[in-house]
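Novice: One structure follows; several queries about it will come next.
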Amino acid sequence: MRVGLIGAGTIGTYLLDELSRKKDQDIRITSVFVRNLEKYQYLEERYDVELYTSVDEFLDSSIDVVVEAANVQAAKEVLPDVVSEKETVLISIGALAEETFLNEITEIIKAKNHRIHLPSGAIGGLDLIENVTEAGVIETVSLVTRKPAHTLLSEPTDETKVVFEGNAAEAIKQFPKNINVSIALALAGVGLRQTKVTLLADPNLDKNIHSIQVSGDFGTASFEIKNNPFPSNKNTSYLAAVSVLGTLKKMTKKINIG
């Protein structure tokens, strides 16, 4: 499977490293779309890829699937064109937080018979939530995210503070860089307005902790994920990067679990 990559930040570089290291597998990044050709010129020789600054030329290259690894704004700019042409793995899930844009993208992929794959990112349990939602036996979904206080507050604090309490739609508007996981959770489950979100600033933490509670006719489920940061970038979850690689590998498997 030939992959086209949008963006070459922490997760994009992780994918380039991992997939170039394992030459025998069926997944290879062959094309990379970037804004600044000069800045990323070194990628061509290091990873044997072709760089593009034109979306059209990038999509016309010999690729089977596109992985978006940029940011929400960049994703919103290119996503309509990308999903029109290719199957897509979307990392910046916050791009789908606006209902009108989500509907637009949904209409395109239906018309083109394409799919968008949303990695689980920094959380887990989405397969269970999606299953009970599809069966109509889910009632409530809530997310409590605890983050190191200095990442959310401008001034030091000695106690845990509630930074936000509301639904996922409101959360992503106020904290577009801090609560992306709530969008994946909402899309798998009861929706943006019904998914309850609490964001806490904790001075005693050095990592993010996501606690998920689900209830319904099926019973109850609880998940807690303590995320180690990516070694080279403390603002990125290591699990988020791993989940993208896992999503790509699932796309090549004949037996899928979950």
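From the backbone N, Cα and C atoms, a Cβ is placed for every residue, glycine too.
Automatic, uncurated: that is what TrEMBL annotation is.
Fair warning: this is a prediction, and the values are worked out from it, not measured in the lab.
According to TrEMBL, the protein has these features:
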ACT_SITE  HIS210  active site
BINDING   ALA122, ASN180  NAD(+) binding site
DOMAIN    7-119  domain 'Aspartate/homoserine dehydrogenase NAD-binding'
DOMAIN    158-245  domain 'Aspartate dehydrogenase'
Novice: Among the recorded positions ALA122, ASN180, HIS210, which residue has its Cβ surrounded by the fewest other Cβ atoms within 10 Å?
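Specialist: ALA122, out of the recorded positions ALA122, ASN180, HIS210, has the fewest neighbouring Cβ atoms within 10 Å.
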Novice: Indicate whether ALA122 (NAD(+) binding site) is helix, strand or coil by DSSP.
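Specialist: For ALA122 (NAD(+) binding site) - judged by DSSP and reduced to three states - the answer is coil.
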Novice: In angstrom units, rounded to an integer, how far apart are the Cα atoms of ALA122 (NAD(+) binding site) and the residue listed as 'active site'?
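Specialist: Distance (Cα to Cα, whole Å): 8 Å.
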Novice: Would you mind reading off the Cα separation of ASN180 (NAD(+) binding site) from HIS210 (active site), to the nearest angstrom?
Specialist: 12
Novice: Using DSSP, tally how many residues of the domain 'Aspartate dehydrogenase' (158-245) sit in helix, strand and coil.
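Specialist: Taking each residue of the domain 'Aspartate dehydrogenase' (158-245) in turn, the totals are 23 helix, 39 strand, 26 coil.
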